[in-house]
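The region 'Disordered' feature in TrEMBL is assigned to 43-84. Among the features that TrEMBL reports, compositional bias 'Gly residues' is placed at 46-65. The annotation domain 'Phosphatidic acid phosphatase type 2/haloperoxidase' is assigned in TrEMBL to 128-242. Residues annotated as transmembrane segment in TrEMBL: 198-218, 225-245, 257-276, 288-306, 326-345, 384-405.
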Amino acid sequence: GRFGQRRAGAAGRRPLLTPDMVAEARVAEVRVAGMRAAEVRLAGGRSSGGQGHPAGNGTVPGGAGPPQRWRRRPRRNSLTEEDGSQEFSTRSHFLYYLFSLGTELGNELFYILFFPFCIWNLDAWLGRRLIIIWVWVMYLGQCTKDVIRWPRPASPPVVKLEVFYNSEYSMPSTHAMSGTAIPLALLLLSYGRWQYPLMFGLILAFCWCSLVCCSRIYMGMHSILDVIAGFLYAILILVVFHPVVDLIDNFNLTYKYAPLIIISLHLALGIFSFTLDTWSTSRGDTAQILGCGAGVACGSHVNYIMGLKLDPPPETLPLSLSSLTVTVFGKAILRLLIGVIVLLLTKVVMKKATIPLACKIFRIPHDDVRKARQRMEVELPYRYITYGMVGFSLMFIVPCLFHFIGLS
């Protein structure tokens, strides 16, 4: 009886659950359930009854009504063995495609369209300087990654909507660096040379930079700290290189031995970057960027020597888009279409030639091309020579073709 009285007394003194305590408990339950569902999805399993949804990017666990579940297979890197299939849920297809677009603004597809369009159709003077800044920003960013060696965000709890660059390190975000450097350099180099309102340039740069930076967090590839570091690092590099970009471009054009110095310097930088860490996709990307920069610089030098002038005449400055007509726009699109096809064919032909040649010279078995390309003796010359020829074609071969067919 006394035992029962003590229990009853203790129950009477027990504090009542307040509405705030109940709400906090429900939030905790939702978080735990979301993390468990994400682990199930990433492991390839299914929650009981098929009703669980991962707490993925853009998903609000416990919200009103289940999100539409759709299966995606992210773009997979052929050189890695990453599993590119995972199931994730999203409440907004618009956000997914918007941030996918933001991610593409830092990928090869964008570069092979943006830089040629700028050089062939807008202003070769501007395009050369943008490429100089882009090469240094990306090279320093990739090397810094291999020095710091911070891993990508852990998954789970992060749901990765992209795995193409998953084998690289995380700090700093080179997407954030290029997404900051290119629009800011475009604004700094073009304002005053082109007629447009300053506010338009500022808004374009802000939207471009914000879209790329936010996309890396949404895709689960970077933390906020990675993106902030990439943003600040790009601004620091711009502060250093923007005052000397005219000097660098003038050296590339006019100095007699510029091609020899450029090729040797970029090749040495590539070899140095390959010694920083073990194999990852960043090493090949670094050689690719350096090769492209060397090819563009050498092509610019050949243009100058042969008198092939791609820059607008000084008397036409400042430039304006007010004279844009249907004919001019049609020729611009035709130039871009023909030129990009030539660049892609150059890339394919050089790839087919350089990989077997490098394997033969260094006596590396090329039965498994993926493993062969993970060797520095193959990956460095393949990327450097192939994209060096792409850059040379961009600046010299394609403009000569346009001149020959009457599209210059």
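Each Cβ is built from the backbone N, Cα and C atoms, and glycine gets one as well.
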Any contact, the transmembrane segment (225-245) to the transmembrane segment (198-218), with at least 3 Cβ pairs under 8 A: yes
Segment-segment contact (the transmembrane segment (288-306); the transmembrane segment (384-405)) at 3 or more Cβ pairs under 8 Å: yes
Within the predicted model, mean pLDDT of the domain 'Phosphatidic acid phosphatase type 2/haloperoxidase' (128-242): 87
